[in-house]
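If you check TrEMBL, you get these features:
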type	residues	note
BINDING	C56, C86, C89, C95	[4Fe-4S] cluster binding site
COMPBIAS	34-44	compositional bias 'Gly residues'
DOMAIN	55-119	domain '4Fe-4S Wbl-type'
REGION	1-53	region 'Disordered'
Amino acid sequence: MLHPIESRTTSPVTAARLLERPREVPPQPSSPGGAAGASAGAGAGEDNPWHTGAACRRDEVGLFFAPSKEPTAARLAREEQAKRVCARCPVLLECREHALAQPEPYGVWGGLTAAERRVVLARRRRRDAELREAARVSAAARSRIAG
């Protein structure tokens, strides 16, 4: 359960803005927590895969994933608890990047909820599109100057 960040007073957009940090994508386990280490997925053959150091490996799975038909107030409280675990986790950023690369549709991963991860991914797509357009315009201008 390498999981996400949000608070009752922080909107997903604000939390995502504060937490977004582009990084190299780490190895990707098949699922958070204990099951990840047993996975034959990427990173399973490493001497020390990032998820083995996750703080959530010592916590209950139910903390990071919503039970069926969970009331909103209970979900928010549970997510806050999960985020507190994430806040002290030494592999928070690796976990977050895993969840963004997958993308993980449920649960708290790397201190972000699913909604916050969607905001981060949308921002990254928008930023990438803007960078591609700027590069295209720059290349066109250089060719006009050179030609």
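Every residue number used here counts from 1 along the chain in the order it is shown.
Note that Cβ sites are derived from N, Cα and C of the backbone, with glycine treated the same way.
Overlay of TrEMBL feature records on the structure.
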{"residue": "C56", "record": "[4Fe-4S] cluster binding site", "DSSP (3 states)": "helix"}
{"residue": "C86", "record": "[4Fe-4S] cluster binding site", "DSSP (3 states)": "helix"}
{"residue": "C95", "record": "[4Fe-4S] cluster binding site", "DSSP (3 states)": "helix"}
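Most other Cβ atoms within 10 A: among the binding-site residues C56, C89, that distinction falls to C56. All protein chains considered, the CB of C95 ([4Fe-4S] cluster binding site) has 32 other CB atoms within 10 Å. Across the domain '4Fe-4S Wbl-type' (55-119), mean pLDDT in this model comes to 92.
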